[in-house]
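J.: Got a structure here, written out as structure tokens. Questions coming.
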Amino acid sequence: MAKHVAVLMGGWSPEREVSLRSGAGCAKALEEVGYRVTRVDVDRDVAEVLARLKPDVALNLLHGCPGEDGTIQGILEILRIPYSHSGVLASALAMDKARAKVVMAAAGIPVPGGHLVTRAEAAKGHVLPPPYVLKPNTGGSSVGVFIVKEDQPHPPQELFRADWTFGESLMAEPFIKGLELTCGVMGDRALDVIEVEAVHGFYDYESKYAAGGSRHILPARVLPQIYQQVRMLALEAHRALGCRGISRADFRYDDTLPDGKGLVCLEVNTQPGMTETSLVPDMAAHAGISFGELVTWMVEDATLDR
């Protein structure tokens with residue numbers, strides 16, 4: 001009998017639409033290779049829905065809360081449904097940028113400087129010398145991320161709108177010039193390194209998910225030793241945070257500094273996108289792994305107690 005896979009997608013975070021796209025593509029790929037698939041658009045009754053479905057495996061394709069912060073992982077552990085990607089602790093830790101940076105720095109992984117500020121503090125004036133980056137301490141897909149430039153008298157007013165939904169805690173980091181590099185990890189294997197070039201300057205939400213919004217340059221145009229250093233650090237970050245299954249580490253690289261000193265790890269994404277424009281499927285394809293094989297691997301890798 002074909003394995004029954006519940007594909008978890010949607011949810012209520014600002015990344016809902018990306019999750020629905022990831023889920024739809026993966027569900028289709030699983031059906032094509034013979035799995036029995038139920039698409040679950042996650043709402044607050046998800047525990048009841050999953051208890052009724054009793055799937056063999058849950059493929060977690062949620063982004064943001066509740067799928068990326070340990071919440072859905074805890075529900076699946078209670079229901080004893082094997083699931084993909086990282087477990088409760090690693091998910092919660094990686095979702096909190098400040099705490100994840102502490103862990104990675106302790107493991108010897110270079111991370112950017114900076115500190116946490118509240119929205120109220122940011123509203124009063126510059127919290128770092130410009131240029132610097134302000135982003136929600138929890139969240140992904142570059143949603144709510146702003147670069148504050150030298151010619152701006154104050155941070156972007158979008159941060160202080162009444163309909164802001166990304167929390168009161170912001171991470172302020174110095175802006176690091178240079179290349180945007182990213183590397184996926186698949187189990188204990190680092191995939192290849194992509195250089196991301198945004199068409200309109202900043203690799204924001206629109207650049208990530210709009211057709212033609214960015215270029216994925218694979219392999220990245222860096223020296224071989226930097227390329228291998230990125231792969232090594234991505235795997236080390238995956239392990240330091242306790243990640244499982246698929247993750248993706250994002251880096252900035254200032255090639256004007258000597259001996260690779262310009263390379264820093266910005267963050268680790270435990271639920272990287274799986275849409276038609278996403279990075280991990282591109283990396284896998286470059287390694288000879290088809291999209292169907294990648295999704296099948298995630299299902300077969302699923303366990304409890306992750």
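Any Cβ shown, glycine's included, is placed from N, Cα and C.
Sharing the record's features from Swiss-Prot:
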type: BINDING; residues: 128-182; note: ATP binding site
type: BINDING; residues: Asp250, Glu267; note: Mg(2+) 1 binding site
type: BINDING; residues: Glu267, Asn269; note: Mg(2+) 2 binding site
type: DOMAIN; residues: 101-300; note: domain 'ATP-grasp'
J.: Which has the fewest other Cβ atoms within 10 Å: Leu128, Leu170, the binding-site residues listed?
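T.: Result for the binding-site residues Leu128, Leu170: minimum number of other Cβ atoms within 10 Å at Leu128.
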J.: Compare the C-alpha of Leu170 (ATP binding site) with the C-alpha of each of the binding-site residues Asp250, Glu267, Asn269, and give the closest one.
T.: Glu267
J.: Using other CB atoms within 10 angstroms as the count, which residue among the binding-site residues Asp163, Asp250, Glu267 scores least?
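T.: Relative to the other binding-site residues in Asp163, Asp250, Glu267, Asp163 has the fewest Cβ atoms within 10 Å.
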J.: Within 10 Å of the Cβ of Pro156 (ATP binding site), how many other Cβ atoms can be counted across all chains shown?
T.: 14
J.: For Asp250 (Mg(2+) 1 binding site), which of the binding-site residues Lys135, Lys149, Asp163 has the nearest Cα in space?
T.: Lys135
J.: What are the non-local neighbours of Lys177 (ATP binding site), defined as same-chain residues 6+ apart in sequence with CB under 8 A from its CB?
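T.: Within the chain, Lys177 (ATP binding site) has Cβ neighbours under 8 Å at Arg252, Asp254.
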